[in-house]
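**Q** Quick one: structure below, then a few questions.
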Amino acid sequence: MQSTAAASVSASAIASGGGARSEPARRPGGLRVCGLRGESPACPSLRISQAPARLAVARAAAATNGAVAGSGGFDYDLVIIGAGVGGHGAALHAVEEGLKTAIIEGDVVGGTCVNRGCVPSKALLAVSGRMRELHDEHHMKSLGLQVSSTGYDRQAVADHANNLASKIRSNLTNSMKALGVDILTGVGTIVGKQKVRYGKVGFPDKEITARNIIIATGSTPFVPKGIEIDGKTVFTSDHALKLESVPDWIAIVGSGYIGLEFSDVYTALGSEVTFVEALDQLMPGFDPEIAKLAQRVLINPRKIDYHTGVFASKITPAKDGKPVLIELIDAKTKEHKETLEVDAALIATGRAPFTKGLGLENINVVTQRGFVPVDERMRVMDADGNVVPNLYCIGDANGKLMLAHAASAQGISVVEQISGRDHILNHLSIPAACFTHPEISMVGLTEPQAREKADKEGFEISVVKTSFKANTKALAENEGDGIAKLIYRSDTGEILGVHILGLHAADLIHEASNAIALGTRVQDIKFAVHAHPTLSEVLDELFKAAKVNSGVSHSVNEPVAA
C-alpha cells in the first residue's frame, strides 16, 4: 500500500497532469519497482481483496488536496477511451488514487486480449497441450501410462474458449463496478481539449469533460493487400478462436507469436500446417539461437512445412468446390514462385492500431502509420512535436510494445504521473511469451541487439546457457527439451536479456524480468535461494554460471535473523 504521504500531492500537480514532480523517496540501491522508475510500487495486478481499504485511504488523501470529483468544473478526473486490459489496469489504479474515473467502451469490456486474443487462445492451447501429451505414446510409456485412444469434441473445445472469455470479461466488469468506475457505452471521440463525446447508433451523443484523458483503443488484425477475408476459409485470429472448423490443411501466413501458437493448436487437433514467412527465417522476432532450437522442437517433428522469403501476394477463399488459392512471390524480386492450394488460410501478419474516429484532428495530432505518437511518459505529441496537455495514449494504439500487460503497465504509469509522481516505464523489463508446447519466453535484448549495443557503447557482453536436461523437475516430467540463455555485461553484471525455451518458460521468465526492473545484477541474484526440485532452478543455475569481472562489487543483504 502506498503511504498517505506518497498519495498526498498538491492540487496544482494534479491539475497540470503531473507536470510538477514530487521529490522521490530515497531507496537502497536506487530500486525501480515493477519496471517503473520512481517511488511507487505500482504493479498491474487485480488487487480486488485489498481495494476497498486502499480506496478509502486514497480518496481521503486526494480529497484533502483538491482531487475530488468535479474539481475545477470537470465531470471526471480521468476518462479512459477503451476498456481492454490497458484501460482496465489504468482505471483500477486511478480509483485507488481517489480519482473519479470513467471508461468508455464501444464494443465489450476486455478488448482484444480477453475476447479475441490472449484469453481464448490459452484455452485452445490448454486443449492442444493435453492432446499432444496423450498422443505421445513414447512419453506416456516412459511414465508407465497406457492410453488406448484419444479424441476431441470440436464444439466443446470452442465452448471452453468462449466460456473462459465470458468469465474473465465478467470479472473485469465487476471489478470496475465494485470500485466505482463509471462504464460508459459507446464510441469515444475527442472533440477538444479535455472534452470527449461518446454514443452509440440510434441514441443521442453525450459530451463529458475530464481533467485527463487516456486513449486505450487497442488494435485489430492487420490484413495485407491482396488477401480476401471471408471468415470461413480465409480468416484472422479473431475468426480462428471460434474454432468453427479444423481444416485438414491450413496455411498460416506469418510465423510470429500468433502463427506459432495456432500451429500448435491445429497440429495437435490433426491439421497439417504450411507457414508462409516473408523474411528469410522462421520466427524472425525471436533470439536467433532460440528460434533455431524452437524450429527443431516445434516445427520439424510435426506435420509442418514452410516457405520463407516469400509474400502471399493474393489469397482467394475457397468457393464453388475450389480450394483456397495462395499466390506466392519472391520477397525481394517480386517474381511469382508458386501457387498453393489449401483448405484454409490463417492470416497472422501482426496487428494494426485501432485509432480511426478518435477525433485526433480536433487537437492537431497526426498518427504515424496509424499509431498515436507519444513520448516516454505516454503523453500524446501533436503535429508540431509538442506535448498535448492532459492527453495520454497507452497500449497497442501507441505501438511501443504491443502486449496486453505492457498496456496495463503503461496505464498505471500514466496514473502515477497525473497523481503527481513522475514515472517512466522501463520497457526492456517487460517480458513476452509464446504459449506453445514447450513454451518460449523472453525479456530484454536478443543477443544480436545486445552485441550491437555493446559495440556502439564500448563494452563487452557475455552469454551463458543452461539446459532443462540438467533439471530434476524437468526430467521427472520427461520434458528435458529446453534451454535458458542469459546475456549480460561482464564488467558490471547488468542483465541485458534472458530467453527461455522449455516447460513453463512463460512462468519462469518473471524472475529475470523483475531483476531487470529492479536493477538487480547477476552477482546479486546468484545468491537467491530456489526450492528443490523445481523448474526455477534452471534460472538459478543460469545466474550462478555467469562470471563477472573480478573487483566488481556486489551487495548481499544481511539476514534479519540467523
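Residue 1 is the first one shown; counting continues down the chain.
Backbone N, Cα and C define each Cβ position, glycine as well.
Pasting the relevant annotations from TrEMBL:
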- 76-411: domain 'FAD/NAD(P)-binding' (DOMAIN)
- C113-C118: disulfide bond (DISULFID)
- K122, G188, T217, G218, S219, D396, M402, L403, A404, H405: FAD binding site (BINDING)
- G254, S255, G256, Y257, I258, G259, L260, E261, E277, G350: NAD(+) binding site (BINDING)
- H532: active site, proton acceptor (ACT_SITE)
**Q** Below 8 Å Cβ to Cβ and six or more residues apart, same chain only. Which residues does that give for A404 (FAD binding site)?
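**A** Within the chain, A404 (FAD binding site) has Cβ neighbours under 8 Å at G84, V85, G86, G111, T112, C113, G117, C118, G395.
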**Q** Given the binding-site residues G254, G256, and counting only Cβ atoms in the protein chains shown, which has the most within 10 Å of its Cβ?
**A** G254
**Q** Please report the number of other Cβ atoms within 10 Å of the Cβ of M402 (FAD binding site).
**A** 21
**Q** Between G256 (NAD(+) binding site) and S219 (FAD binding site), find the distance joining the two CA atoms and give it rounded to the nearest Å.
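**A** If we compare the Cα positions of G256 (NAD(+) binding site) and S219 (FAD binding site), the gap is 17 Å.
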**Q** Among the recorded positions listed here, C113, C118, I258, L260, which has the most company in the form of other Cβ atoms within 10 Å of its Cβ?
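**A** The largest 10 Å Cβ neighbour count belongs to C113.
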**Q** If you count Cβ atoms within 10 Å of each one, which of the recorded positions K122, H532 comes out on top?
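**A** Its Cβ has the most other Cβ atoms within 10 Å: K122.
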**Q** Just the number: how many Å between the Cα atoms of L260 (NAD(+) binding site) and S219 (FAD binding site)?
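**A** If we compare the Cα positions of L260 (NAD(+) binding site) and S219 (FAD binding site), the gap is 20 Å.
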**Q** Can you grab the distance from H532 (active site, proton acceptor) over to M402 (FAD binding site)? Cα atoms, rounded to a whole Å.
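**A** Distance between the two Cα atoms comes out at 36 Å.
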